[in-house]
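Asker: Before I ask anything, here is the structure I am working with.
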Amino acid sequence: QLTACVCFDALMTHLVCCVSAEEERRVRANDREYNEKFQYAVYFSFLILQSNCIMTSKYNIITFLPVNLFEQFQEVANTYFLFLLILQLIPQISSLSWFTTIVPLALVLSITAVKDATDDYFRHKSDNQVNNLITSDNLPWMNVRVGDIIKLENNQFVAADLLLLSSTEPHGLCYIETAELDGETNMKVRQSVSVTSELGDPNNLASFDGEVVCEPPNNKLDRFSGTLYWREKKYSLTNQNMLLRGCVLRNTEACYGLVIFAGPDTKLMQNSGRTKFKRTSIDRLMNTLVLWIFGFLVCMGMILAVGNAGWEKEVGSLFQSYLAWDTPVNNFLFSAFLSFWSYVIILNTVVPISLYVSVEVIRLGHSYFINWDQQMFCSQCNTAAEARTTTLNEELGQVEYIFSDKTGTLTQNIMTFNKCSINGQSYGKDTHTTCACSRDCMYMLDFTPFNPLADPDFCFYDDKLLESVKVGDSCTHEFFRLLSLCHTVMSEEKSEGELVYKAQSPDEGALVTAARNFGFVFRSRTPGTITTTEMGRTVTYSLLAILDFNNIRKRMSVIVRNPEGRIRLYCKGADTVLLERLHPCNQEYATDGLRTLALAYRDLSEDEWEAWSESHRFADKATDCREDRLAAAYEEIEQNMMLLGATAIEDKLQEGVPETIAVLSLANIKIWVLTGDKQETAVNIGYSCKMLTDDMTEVFIISGHTVQSVRQELRSVWLCAHCTRLYTAHALEADMEAEFVSTACACKAVICCRVTPLQKAQVVELIKKHKKAVTLAIGDGANDISMIKSAHIGVGISGQEGIQAVLASDYSFSQFRFLQRLLLVHGRWSYLRMCRFLCYFFYKNFAFTMVHFWFGFFCGFSAQTVYDQYFITLFNIVYTSLPVLAMGIFDQDVPDHRSLEYPKLYEPGQLNLLFNKREFFICIAQGIYTSVVLFFVPYAVLSNATQSNGVPLADYQTFAVTTATALVIVVSVQIVLDTGFWTVFNHVFVWGSLGSYFIIMFALHSQTLFRIFPNQFHFVGSSLLSFLSHMCTSKTNTVIFLSRCHSANTDLFSSIIYILNFFVMKIYFVSLKTKHK
């Protein structure tokens, strides 16, 4: 089957309207008749109703041809050439056969259609495989409908977005892996609503008739809000009760779920939307130049039309008696009108349709070079570089600003517990100290004798902390107790004492591992309990509440009851958030500045817990503004806490980061770091990666918290001139845009700290708006997506934070150090190749087309072409297409290692020196000059030449072939001069194309074709004389040629010498230019 499902346009339009108008979703379990009246995600495949069918393809067998042609003719160039084809079908206008346009147009449309069909075929194949997967109930995925209850078994993919009803695990728990959604391979726990957790029996599930009222389909993976109505009661539903399509059931024998969202309504499919289309600066310039060329074409057509009117009025009227106008033409003005359109057809090759196809082929080749680059392959993670788009390659050679995330991009995002502060006492040593004696004194603690459950890979270098734990210091014990309880880590015990932690973030895993090694081992959890081993003793805590972490709260808390019955809230979070919620007695200690993550606790009485629990239960069951109500409840309890201490986790730099930043800086690329970390961390990273150096005369830190204070600090920066500055942004205000940009761009290094994902995108947009420079954003996490999409070029790092950044990016690889090769080698080469390609392409087509313009003054402005129609058809698609493609794909000026050794070679792209309006006009002037030589020299030589018997030597066809042969030779010599790096492909394409011209031309002028098609091939053997007139450079050929043209020998020989001199001078000037470079 080519297609798994066919979607009818009318039905889809109706469904889209339904979805867009959907304000809430109502789903009744085991009641298809009720659910189908809402038409949730309904498809009709082969007249069979399907609810869970996905269709990522664009076409089917019936719609492919009309839809694909409609899409292709939305391109202005394709529509333009279709218009020319229609004009050529009018005999009174066209002097060319229709196939001179339809052959190139059909070729271009066919190539694009084949590419689109191939891509869509693989989409159909993928859709077909997914839609025909079988559930545990032997039901194909495509036939699953909203409201069905389906069974999942261990290691199975979730077929749709399900409400978890029950599980074989206690308390309705199940474990899932969400790598397909967010790239995280760690397990996550989900739990059913308590009232449905006992519905494990299929008979009970078959009689379940609960109704769910929830939010409409959306793309928020971490949020779900709904209510279950059953047996006259209602139960609130959250994301913890949902199993999303794309997840995999792990470590759970089986579970049952109610289908809430199916097919395109699932959150996975809602997140597969298209990113906005990005265009390069060369694309935008080329569009402008094409419009100018169209205007130039119209001007040439008008000049020749005016000439036709004058010629018909003054000269053509003398021939009316025996050479009358055609039937529709009754005066010279109408003749000029038709002549204008005729010349529009003839001169249209100044912008050939093959230009756009050639550009796409070259970009595709450049993308494959990036994908195949073994020097950008990471063997550790088995990840190669990937060009996820083919439209931005040359833009990589013009980047001026790089905006980089810190964690996971510059650093490894592999956290290690290095230091901590407990009750005012600091523990831990700096492993990066430069003092040799200090390094010699450091040794890694051995936890095995103290704790048999310790992780052998954990490293710590201060024995004072271990001694504090051994002597039973209460603050130290409480510190690690908090770390062992306040988290969302999942524990898996593969064998006795062999624990494997699966954390949602690396820093959380590092903290729980630290607590494990110091004697407070997290063992397992259930929905209501957390079991730990504290100093060798097993302790089970009742888990009363979890106050979730999010980017707004920047903290998480748990409320537990210990075996003695004491209720305590444990909280950990960002210091700036947590310190303001401490008890007044802790404020003095807090202002001393404990960095990174702060830890605190609060004891709760039974009355306080009961009162807060009731308000929390009310907020949790609210159907409106539930998130706000929960946030208010969390804020109420997280007050008056006692500070325990703080942790310091190290995130090491990736390999080669300082060297990469140094090389990119030498290439005049400005690097800004945008991070959510605090100022101190940002500055330390700046020095570590050599963005900041000791020789910088001044470091300016802007840290105002009001608009006025930030403005004053910005202006004070300019009071000190000739200094290197660091700018750390804490706020962005609309009325300070100009001051922010001018100050930041004057700095050598810029680090913006405490920025949100939205502010990252705002910084990028400011530079795009005010500096008009090409920007590149690089990141590895979901919080970098907005920045990646805002920049001209987005690069995703496939690291520890999942693959969401990669999915939103234009290019991806696994290490930041590969960025220098992407820009300085592939980007620079792509820009160089594209610029040389465009310069040559415009040159050769103006040289080819302008000959028609000059000929118009000698043919009575009759729109007669110089070349025959076969040459016009084949020039751009056979004779000159492959050599310029080879140059555009393989050319290079210096090897890759030289590009890295001399970063200054990158600057021409930033300054846009290789292809701009000036270079375009130079190419046009060169093309026009070449056309003048190509037309007037043969015309001067052959116009009055006669044979010994008085018969004219040349006729129209001889002149046409002579000019065409000279054109092919000239443009071939030109590309030989322009090519800087020769490969086998260059040689084969250049000399093969030149040889193909002679073979085809001899064949078209052969007697055989004349006998078979006398109406199409009028001339026999005229090409031989024309070829000899250009190929007789040897003495023998010259004598043979001169013997056939006695009276013309002097003029013809001198013209040959003139053309040869023309080439010699051209080679001389090119060599001088190369030597100068």
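Residue numbering: from 1, along the chain as shown.
Cβ coordinates come from backbone N, Cα and C, glycine included.
TrEMBL annotations: computationally assigned, not manually curated.
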Asker: Out of 40-61, 744-765, let me know the one TrEMBL marks transmembrane segment.
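Answerer: Of 40-61, 744-765, TrEMBL gives transmembrane segment for 40-61.
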Asker: Report, in whole Å, the straight Cα-to-Cα distance of THR407 (Mg(2+) binding site) from ASN783 (ATP binding site).
Answerer: 11
Asker: Taking 3+ C-beta pairs under 8 angstroms (sequence gap of 6 or more) as contact, is the transmembrane segment (920-941) in contact with the transmembrane segment (331-357)?
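Answerer: These two stretches do not touch.
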Asker: Have a look at the recorded positions ASP405, PHE549, ARG754 and say which one has the shortest Cα distance to ASP784 (Mg(2+) binding site).
Answerer: ASP405
Asker: Taking THR407 (Mg(2+) binding site) as the reference, which of PHE549, GLY676, ARG754 (the binding-site residues) have a CA within 10 A of its CA?
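Answerer: Cα filter at 10 Å returns GLY676.
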Asker: Is it the case that the transmembrane segment (289-311) and the transmembrane segment (870-890) have 3 or more CB pairs under 8 Å, with pairs at least 6 apart in sequence?
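Answerer: Touching, no - the transmembrane segment (289-311) and the transmembrane segment (870-890) miss the threshold of 3 or more Cβ pairs under 8 Å.
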Asker: Listing them in sequence order, which of the recorded positions ASP405, PHE549, GLY676, ARG754 have their Cα within 10 Å of that of ASP780 (Mg(2+) binding site)?
Answerer: ASP405
Asker: If you measure C-alpha to C-alpha, which of PHE549, GLY676, ARG754 (binding-site residues) come within 10 angstroms of ASP405 (active site, 4-aspartylphosphate intermediate)?
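Answerer: Final answer, ordered: GLY676.
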Asker: Six or more residues beyond either end and a Cβ under 8 Å away: which residues meet both conditions relative to the transmembrane segment (331-357)?
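Answerer: Residues 75, 77-78, 80-81, 84, 87-88, 92-96, 101, 104-105, 108, 111-112, 290, 293-294, 296-298, 300-302, 304-306, 308-309, 312-313, 316-317, 325, 841, 845-846, 848-849, 852-853, 856, 861-863, 865, 872, 875-877, 881.
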